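Copied over from TrEMBL, here are the features:
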type    : residues                     : note
BINDING : Y80, 93-97, 133-140, 230-232 : FAD binding site
DOMAIN  : 132-276                      : domain 'Cryptochrome/DNA photolyase FAD-binding'
Amino acid sequence: MPDVFSPFRRKVEKHCTPLPVLERIAQLPDGFMPNIDKQYILDIELSLPKPSPSSFIGGESAALNHLETYLFDWKAAATYKETRNTLDTWKDSTKLSAWLANGSLSAREVIRQVQRFEQTIEKNDSTYWVYFELLWREFFHWLQCKYGAKWFRFSGIQGRKPTTCHDPETFSRWCKGETGYRIVDACMRQLAETGYMSNRGRQLVASCFVHELRQDWRYGAAWFEHQLIDYDVGSNWGNWLYLAGVGSDPRGHRQFNLQKQTEIYDPDGRFRKAWL
């Protein structure tokens, strides 16, 4: 298992053809699910908080419906590579991550449907890029299996300790979206309100946390774990390792210029105005 993405991609990409879909699944045998005696079922009244507004609806049916809409109604896969880094537009990236994370949707099914899109509508660099991003997801999952507990250690998989620390006050300001870096603050408030943040936004706030604020990357990863509706162990911690310079990036340092990124991805300030 390579420690860097490109060699991994070259090894596995040609083997990504999904298995044939089963048209009918055999019925479970009688007695597979035991009868539950009602005397053991407790009637518990719960006072649950009102959920925040979200475009995500749970379950396999909703996942398949969204995949069908994204591909064949919006035909958005044809422009995915160009639009995927926008900060706050529902149609510009696949938005499949939450369903993939909780098992409502499989990567194989996504690939199968993208192949159908390529065969019937269009095949280009953008449709390939959907495969490419799914491979990143697979890469982080397998790399986590390879390194086990090192995945969560300060020194990461490289065994090199970053020159950062944990300051509770600084960490709290970052969580609340009160760092003073407006693009970062907007992204963090979006996360707190919706449970979601774009991939580009996650990179920017993580880069700020590690490089501008000089904080222990593990606290940032743990906050994402606490907040994200699409939390995935491999992808979340793998990306934080990567940004902290102790993961799969052979260069060992990944810092974003926040001013430049703001000019590229929020030139008119619309995203910042929406969340600040």
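Yeah, the Cβs are placed from backbone N, Cα and C, and that goes for glycine too.
Around Y80 (FAD binding site), the same-chain residues at least 6 positions away in sequence with a Cβ under 8 Å from its Cβ are S93, T94, S126, T127, W129, V130. According to its DSSP assignment, W136 (FAD binding site) is helical.
The secondary structure of Y231 (FAD binding site), as reduced to three states from DSSP, is coil rather than helix or strand.
In the three-state DSSP classification, Y80 (FAD binding site) falls within a helix. The candidate set comprises the binding-site residues W136, F139, Y231. Of these, F139 has the most other Cβ atoms within 10 Å. Of all Cβ atoms in the protein chains displayed, 17 besides its own lie within 10 Å of the Cβ of E133 (FAD binding site). Contacts of K95 (FAD binding site) defined by a Cβ separation under 8 A and a same-chain sequence distance of 6+ are given as S55, F56, H66, Y70, in order along the sequence. According to DSSP, K95 (FAD binding site) is assigned to coil rather than to any helix or strand.
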